[in-house]
Amino acid sequence: MAVTSNLFVKQKGNTTSLKQPKEISFYSRTPEDEFNVKDDSRLRYYYLPDAELDMNLDLCGGIKKFKDHYKNFQDPGTLKGLLKTIQAYEEIKQKKVKVDIITFRGVIRKLISSAFDSPKFNQVNLRIVLFDGQIFMKEVPRKEEEPKDGKIAPPVYSGYKFENLVTVSKPIPYTSRTTIEKRPKKIVSNGDEYISVVRTGVGNCKLMLGAEVDAIFDFKEEDKDNLKHYVELKTTNAVLTPSDARKFEQKIFKTWIQCFLVGIPRIIYGFRDNNFILKSVEEFSTDEVPLLLKSNSPQLGNSCVDAIKWYGVFTEWLLNQIPRDDPSIKKAYKLVYENNHLRLTEITEEEGEFNELINGETVLTNEFKEWRNSLKVPK
């Protein structure tokens, strides 16, 4: 019989101790769905002169020519690139990374958000594999409903367009003026990703997270931890009324969760009017967001501390529910958010999913499993 455990999302915890995030490596994902370890060719560099804000930049310009590569990805949330990068790191060290949970930042953000959003707006449907004494978590691919006219929604497109308008593919000294000036006319696409691989932790739980990085704010240091140089880019409606302000506070709270998880220190928001014209740009320090929220909305300010405590609660719960003492044990689980709780259910051998999760490549690649098994062979 399947073992099930529930965790009430309003359960209170006391853990507020966070480990300093540290970047151990990085990789790129191409529009052709290829993964390249230690490749920063997809990394962007932030550059927006003040004068360009007077140009009435259109965040919906070129929407009809948008190239959507994501729809061709077999599995947008695959761990393949993350596992390749961890394996390359372990091959140098000749030992496995000492962490409890390996997943993407987006997965942990969703789990944190379950304490603040309903399942309707924050769907959590994960598959977990216990392998080699570690917990690997992956999101189940969700078939997005395509717009009837096949076009991307303007608010979604405006985010991609903003990134195109405020970044370049090389550091500024190596970028021509022509390239910079042609940014408004450049065709927008998705699928190019630069992912940082970060070791972090909360309480007694150590995590390895993959996190897509929007851009470098200033400069990149070779062979060093570059977390302090990264920036998160977002767009939203201009804040004109108290109602707008409340909506923005909710948005920046979610962005803060994204950034504090992996130690990204800066957030830049582009504010657009109702016609999707970029009106202003504002920079926020990730560390100062809780103070900003507390001064404007005390309840939301407290949510930042509550988010960290809840992060500690659900990771501790997972570690307690999933036995990790014997590295030879392999198990599979599903983790979902429904009503007011997270539900963890063990997937038994009789279920169709079990074989694919344990012996197939739904979560772990055969290459990674073979690598880990080779580490156990006495040299």
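Glycine too: its Cβ is placed from the backbone N, Cα and C atoms.
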What does Swiss-Prot list, out of K185, K186, K234, as binding the same substrate as E212, Q258?
K234
From E139, E163, E283, E288, the one annotated by Swiss-Prot with D214, E232, L233 for divalent metal cation:
E163
What's the longest C-alpha separation between any two of E212, K234, Q258, the listed substrate-binding residues, in angstrom?
13
Which residues, in sequence order, are found in the same chain with Cβ within 8 Å of the centroid defined by the Cβ atoms of E163, D214, E232, L233 at the divalent metal cation site, excluding those residues themselves?
R44, F162, T167, A215, V231, K234, I268
Starting from the Cα of E163 (divalent metal cation binding site), work out which of the binding-site residues (E212, K234, Q258) are within 10 Å.
K234
For each of E163, E212, D214, count the other CB atoms within 10 A of its CB; which of these binding-site residues has the top count?
D214
